[in-house]
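These come from TrEMBL:
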- B:77-178: domain 'CoA-binding' (DOMAIN)
- B:GLY88, B:LEU89, B:GLY90, B:ARG91, B:LEU92, B:GLY93: NAD(+) binding site (BINDING)
2 protein chains.
Amino acid sequence: MPIPRPTAERLSQLARLLDQHSHAAAISSSEIEHKTGWPSHTIRKDISFLELDADISTTAGYNPVALAKAIRKTLNLAETDSKCCIVGLGRLGSAFLEYSGFAGSPFSLCAGFDSNVNRVEILKADFPLYPSFKMKEIIPRFGIKFAILCVPPQQAQATADKLIECGITGIVNFTPSLLSVPSGIEVENVSIIDALGALAARLAAENAHKE
Amino acid sequence: MPIPRPTAERLSQLARLLDQHSHAAAISSSEIEHKTGWPSHTIRKDISFLELDADISTTAGYNPVALAKAIRKTLNLAETDSKCCIVGLGRLGSAFLEYSGFAGSPFSLCAGFDSNVNRVEILKADFPLYPSFKMKEIIPRFGIKFAILCVPPQQAQATADKLIECGITGIVNFTPSLLSVPSGIEVENVSIIDALGALAARLAAENAHKE
């Protein structure tokens, strides 16, 4: 059964939460509710999508290490080598050059691209940075599958088209432009304005519920 | 009827898409499908949550201006004055100081905070920046309701607690820490790793479907 997208997203977050509690013998769904704000019945429903070994769930709760492993296996996050690149090294893109969250995740950053050759030479990172015209050579050579898109909005679609030509199959889109992509390619839009909009909508729904 | 969260998020993105097509007389659900990748039946179902005037939908499609307005009214995004602050002005937080997406949105940035007084004095923004100890004074005075949290992960929970004390009701959490908040407060987690995880899960689901 395919996993619904909100479930996949919650489970992916839950795996990170469980990592922070790997020392605990067990974590209950009500503890998870307290830490995440998701109702415990939603959490149990999400977990029901996983194929669980018998020893994951006890009367005291879930085994955090085993549950995190089961989530990563089901969501195909178990491979430790999904290669990513950052495209567009302006203020936002270059801020991600030192993002520490990749450590311990199944994703690794292995290249950065910018059309400004100067910028590529000045910036420092733990992985190589290239001028954009090298994408065609570097992306297939490293087997990079994911791109984090931080270019100016007016260049977003053209850059996405080029990335897909080079073999990218998933794009995290930090630009405010919405992208058209062929089937088989996935885009995840990340936008402060949408995040604020989702917060405002949920707060409005809560208030309506109270009235 | 409360609007499901994924619907609210799609509608909020759709309103931005419609803004880009405000010159068009009409936009059809299949055009929206092409531009967003969402199935047209999902789009029609999402739109069915809105209270629509008779003139929004014609045989040629939706009136983009009227539909965007109806979305913003329903999602409570119509007010043009939801005030936000950025908390933590390191590389990521300071990158948002020049983010252009707030223009034309119902949200406005009106303050930034950092515990490092030097940083607050050196950085430039179109709105005032303050040392963190001023949050208690500035947040209530300006009526700021939303915070964009970009502090180091080990400071995330303590900073969130302080923001809520000051009157913040919604937090966009850019740190990898998950936050515990009291009921009535909403958190939206934004994480590159979760975005990549969602992409990987969707690509895996597609491939499983094909096999």
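Every residue gets a Cβ built from N, Cα and C, even glycine.
Neighbour counts of Cβ atoms within 10 Å were taken for the binding-site residues B:LEU89, B:LEU92; the minimum is at B:LEU92. In sequence order, B:PHE113, B:ASP114, B:LEU149, B:CYS150, B:VAL151, B:PRO152, B:GLN155, B:THR159 are the residues near B:GLY88 (NAD(+) binding site), counting only same-chain partners six or more apart with C-beta under 8 A. In this structure, the binding-site residues under consideration are B:GLY90, B:GLY93, and the one with the smallest number of other Cβ atoms within 10 Å of its Cβ is B:GLY90. Residues from the set of binding-site residues B:GLY88, B:LEU89, B:LEU92 situated with their C-beta under 8 Å of a chain A C-beta: B:LEU92. Broken down with DSSP, the domain 'CoA-binding' (B:77-178) shows 41 helix, 25 strand, 36 coil. Along the domain 'CoA-binding' (B:77-178), the predicted structure has mean pLDDT 91. Taking the Cβ of B:ARG91 (NAD(+) binding site) as centre and 10 Å as the limit, one finds 16 other Cβ atoms among all the protein chains shown.
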